[in-house]
Amino acid sequence: FFSAKSILIQCEKERKMLLIIKKKKKLPKIPTFYAHCTLDTKGKVLRVLVSIGKLVLLLGFLYMFICSLDLLSSAFQLVGGKTAGDIFQDNSVLSNPLAGLVIGVLVTLLVQSSSTSSSIVVSMVSSGLLTVQLAVPIIMGTNIGTSVTNTLVAMTQAGDRSTFRRAFAGATVHDFFNWLSVLVLLPLEVATGYLYMVTKLIIDSFNIQSGEAPDLLNVITDVLTESVIELDETVLGGIATGDPAARNKSLIRKWCQSFTNTTLMNVTLCIFHVSKGKHLFVDVDLPDLAVGLILLALSLLVLCSCLILIVKLLNSMLKGQVAAVIKTILNHDFPFPFGWVTGYIAILVGAGMTFIVQSSSVFTSAITPLVGIGVISIERAYPLSLGSNIGTTTTAILAAMASPGDTLANALQIALVHFLFNISGILLWYPIPVTRLPIRLAKGLGNITATYRWFAAVYIICCFFLLPLFVFSLSLAGWQVLVGVGAPLLIILIIIIVINMLQKCKPGCLPAKLRSWDFLPLWAHSLAPWDGVVGVINSKCCCCCKCCQVAAEDPEHQEKESVENNKKTHTEVYDNPAMSAEKEVENEIKIELNILKMTRL
C-alpha cells in the first residue's frame, strides 16, 4: 500500500513539473512518437520534392556566393591594385622585416587575394628585384591579410546575438592563429633564418621538375565571372617589377590571345589569334577605379544576399533530428584511444576542400555560417581553418612549379616558405590542447562582440588597418623611432596581460590595489561607457534608434530582458538553439513515458 502511494505521489509531482515547464517556456504541444508516420504517399512525395528543391537552391546560392567572392577580389584589384604594385617597388622599405610584414597585410587587403599578392612577390623574386630572405615577412603578411574575408562575412550575421557570437568567434579563430604564429615565427626568422634555411635545404635536396597548376573549381566559376569582368594579371606584376609601360595600361582585359599548333610539311607552326573580350565591361569607357567601385557594390550586394539566403535555407534544412545527426557526425571524436586523430583528419579535410576550391577565403567564409547556426562547433572549425591554410599553400606550390626553369627554384622556395610557416604554426598552436589559445581568445572576443556588436567593426578596423598603418609609419621613420616608440608600448601591453592573468589565477600574489582595475576610470577598463556613447550617436543618426532606446529604458522591457537572460544561462551559448529546443522536447517526452510506466504499474 505504501509503495503504491509513493508511486502515485511521484507521478503527481512529475505531472505538475511538466505543466510548469510547458507554461514557462510556452512550448508547442509535443507530437506523438509516431506522428511522422501519418503522412500519406502524396505528402511524402511532396516532402522529398521540397527537400530536393531546397538542396538545389542551396547549391545555386553557394555557387553565386563563391563567384561573388571572386568578383570582390577583382573589384579590389581594380580599386587598389596599382597602389599595391607601387608599394612593392620600394626595396629600401622592404628590408625592414616589420615593414615587409605590414606591406603583405595591406596589399592582401587591397586585392583581397593572398594568391594574387603572393604571385606579385614570386614575380619580384624571379626577376631579381627581391631576395627570398626579404620576401619571407611579406608572405607572412599575406597569410594574415587573407583572414579578413571570413571576418567580414561573419559581420552579416549580426542580427541575432547568439548566431553572431558563434559566427564571429568561428571567423576570428583563424585571425588569432595567424597573428600568434607571426608573433612567434617572425622574431625566430629574423634571428635564425629558420624558414629560409629549411626551404633552401629542401630545394637543394630534390630534383624538382616544372609542371602546371591545376584548374579545379575555376573551370566552373570562370564561366560566370569571366562573363562579368576579365583582368590582365600581368599588369600588376609589371608595375611591381618597375615596367614603365605597365603603369599606363588598364587592368581590364580588352583583347584575348589564343594560339593553335599547326603541322605543315613536318614543321610545327604556332599561330596566334587575337580576339576581343566578351565580358560586360569590354566596351565601357570608364577608368579602372569607377569599374572597380561598381563591381565592389555589385559583389557585396550579391555576397550578402546569398549569405542571408544560405543561412535561412540551412536553418530550415538542418533542424531537429537532421541537425542532431549532422552535428554528431561533424563534431564527434573517434572512440578512445583514437580521439586525438579526429582533429588531424579535420585538418586534412580542410586542406583537401581548400585545394578543390583553390581559395582559403572561400572555404573559411563558407563554413562561417555553419558555425553561426551551431552545426559546426568552434573546436571543429579550428582544425578545418588550419587545414585551409595548408590547402592554399599547396595550390601556390603547384603554381610555382609552372615557372620557367631558371626561376623555378626561387619561386618554389617562396611557396615552400608559406607552406612551412603554416605547418610550424600548427605545431605551435594545435597538438597540445593547452596551447590552443586561438579557440579561447576567439570565444572571448565572440562574447564581447555579442554584447557590444559595434566592437566587431572596431576590431576589424584596428587589427587590419590602423595597427598595420601605425607600424608601417614607424618603419618608414627608421629603426630608432620604431624601437623607441614600439618597445615601451609592447612592454606596457605585456605587463597588462600578466596582471590580467594573475588577477584570474592567483590574485593573492598582487598588491590589493592591483587585484582589480576599479582604481582606473570606468571608461578605461569597461566597454559600457563607450556603449552609451555609441548608443547616443546612433540615436542622433536614426529616429528608429530613439524608439529602440525608449523601449530599452522601459522598466517592463528591462525586466523582460532580465528574465530571458536568466532562462538562457542554463544553455550553452555556442550550441544550436534549434537543437537545444529539440533536446528539451525529448526530455519532456521521457518524463511523460516515465509517468505512463508508473501509472501502468
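Quick reminder: no glycine exception, Cβ is built from N, Cα and C everywhere.
Annotated by TrEMBL as transmembrane segment, the relevant range among 93-114, 533-554 is 93-114. For the transmembrane segment (411-430), the partner stretch with the highest count of Cβ pairs under 8 angstroms, out of 48-72, 176-197, 289-314, 334-356, 477-499, is 176-197.
The transmembrane segment (48-72) and the transmembrane segment (451-471) are not in contact, since fewer than 3 Cβ pairs between them lie under 8 Å (pairs 6 or more apart in sequence). With a threshold of 8 Å between CB atoms, the same-chain residues lying at least 6 positions outside the transmembrane segment (176-197) that come near it are 97-98, 101, 132-133, 136-137, 140, 143-144, 147, 382, 385-386, 389, 417, 420-422, 424-425, 428-429, 437-438, 441-442, 463. Sequence-distant neighbours of the transmembrane segment (289-314) (same chain, 6+ residues past either end, Cβ-Cβ under 8 Å): 54, 57-58, 61-62, 64-65, 67-69, 71-72, 74-79, 153, 156-157, 163, 228-229, 252, 281, 369-370, 372-373, 375.
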